[in-house]
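Copied over from Swiss-Prot, here are the features:
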CARBOHYD  N2  N-linked glycosylation site
CARBOHYD  N32  N-linked glycosylation site
LIPID     C325  S-palmitoyl cysteine
TOPO_DOM  1-56  topological domain 'Extracellular'
TOPO_DOM  78-87  topological domain 'Cytoplasmic'
TOPO_DOM  109-120  topological domain 'Extracellular'
TOPO_DOM  142-163  topological domain 'Cytoplasmic'
TOPO_DOM  185-208  topological domain 'Extracellular'
TOPO_DOM  230-254  topological domain 'Cytoplasmic'
TOPO_DOM  276-290  topological domain 'Extracellular'
TOPO_DOM  312-386  topological domain 'Cytoplasmic'
TRANSMEM  57-77  transmembrane segment
TRANSMEM  88-108  transmembrane segment
TRANSMEM  121-141  transmembrane segment
TRANSMEM  164-184  transmembrane segment
TRANSMEM  209-229  transmembrane segment
TRANSMEM  255-275  transmembrane segment
TRANSMEM  291-311  transmembrane segment
Amino acid sequence: MNISTWSTLVTPESCHRLAASGHSLLIVLHYNHSGRLASRGGSEDGGGLGMLRGPSVAAGCLVVLENAMVLAAIAIYMRSRRWVYYCLLNITLSDLLTGLAYVVNVLLSGTRTFQLSPVHWFLREGLLFMALAASTFSLLFTAGERFATMVRVAESGATKTSRVYGCIGLCWLLAAILGLLPLLGWNCVCAFPRCSSLLPLYSKGYVLFCVVVFALILVAILSLYGAIFRVVRANGQKSPRPPARRKSRRLLNTVLMILVAFVVCWGPLFGLLLADIFGSNVWAQEYLRGMDWILALAVFNSAINPLIYSFRSREVQRAVLAFLCCGCLWLGLRGPGDCLTRITEAHSGASTTDSSLRPRDSFRTSRSLSFRMREPLSSISSVRST
């Protein structure tokens, strides 16, 4: 008896028994009902991934390595403990976990999907949802703190630090709740009419809820940066000095980069999920062929975030260069003078004494490289935070 014939003979009572026992046949049943099983084209194709499995894992590993490098560089070589420092660490950590969750999701996809218990399936998908949510919540928190820094009166460092810690903890708590909601009961197990075609055990109501949450986050981020830009532009018009106008242009470029990155990376995924929610199963199956690319594009946003939020800061650039320099020294790939000279030359335009690295003769002593706090950590913040 094939899967299609067997699934038609399954009664609601037997389906609930499969769910209670945590049997993997429940996943097969849901995939067959959604049409995902018929569209996989056999088990030898890797469950729709096929030749994309290798590049997908490689892309996820690159996201992990990129964010791990930035995370280590900021944590080791930057002495600043202002609020932006914690925001950058939070964004980088969430993007690193997004890359890890994506790699785990790809490795457990394909034929391995039907070897998972329902709980493991919910954890596989929920971990990726949680990581993506943490990344977007972190971007929203950073935008909110930038705006609050500009409009609030000066406050004590202890008060600001406590609020930053609390908001970071809230970001991760909300992300964990959002990712675990299906495991906690918001799912469509044995309720096939309410099931998503793209994520066969997820309720369409939950998918719609996630789309609305992510869309509201995007609108809030763009609104906050738009307000920040208006404040900076107004200050620049009051001040005829060229640095103020350059700061306004730099902020505008950053806001445009954030907008383009969000629309390009998240727009296709939003469209796919909306088609799944409001379209028919046949319509959803037509878009299903591009699901792997669309999900990879959303994860790619975690590779772009360091370029927007971290590498645009000269202080972070110096930290990353110092981290790479010490790695070269440890591997013996180039002499300390050559390595450190390149870093010094990269920032020699600021000041002859602005070099934040001191040449050392060994890898051990190179770890004590120090940075001068000559400029704000964030290139798009108009005032120093206390």
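In case you wondered, yes, glycine gets a Cβ from its N, Cα and C as well.
N32 (N-linked glycosylation site) sits 53 Å from C325 (S-palmitoyl cysteine), counting Cα to Cα. Two recorded stretches are said to be in contact when at least 3 C-beta pairs lie under 8 angstroms, sequence spacing 6 or more; the transmembrane segment (88-108) and the transmembrane segment (291-311) meet this definition.
All protein chains included, N32 (N-linked glycosylation site) registers 19 other Cβ atoms within 10 Å of its own Cβ.
Counting Cβ pairs under 8 Å to the transmembrane segment (121-141), the stretch among 57-77, 209-229, 291-311 with the most such contacts is 209-229. All protein chains considered, the CB of C325 (S-palmitoyl cysteine) has 23 other CB atoms within 10 Å. Sequence-remote contacts of a segment are chain residues at least 6 beyond its ends whose Cβ falls under 8 Å from one of its Cβ atoms, and for the topological domain 'Extracellular' (185-208) they are 12, 15-16, 19, 26-27, 30-31, 33-36, 118, 121-122, 125, 272-273, 276-277, 281, 284-285, 288, 291. According to DSSP, the topological domain 'Extracellular' (109-120) comprises 9 helix, 0 strand, 3 coil. For the topological domain 'Extracellular' (185-208), the number of residues in each DSSP class (helix H, G, I; strand E, B; coil) is 8 helix, 2 strand, 14 coil.
Within the model, the topological domain 'Extracellular' (1-56) carries an average pLDDT of 68.
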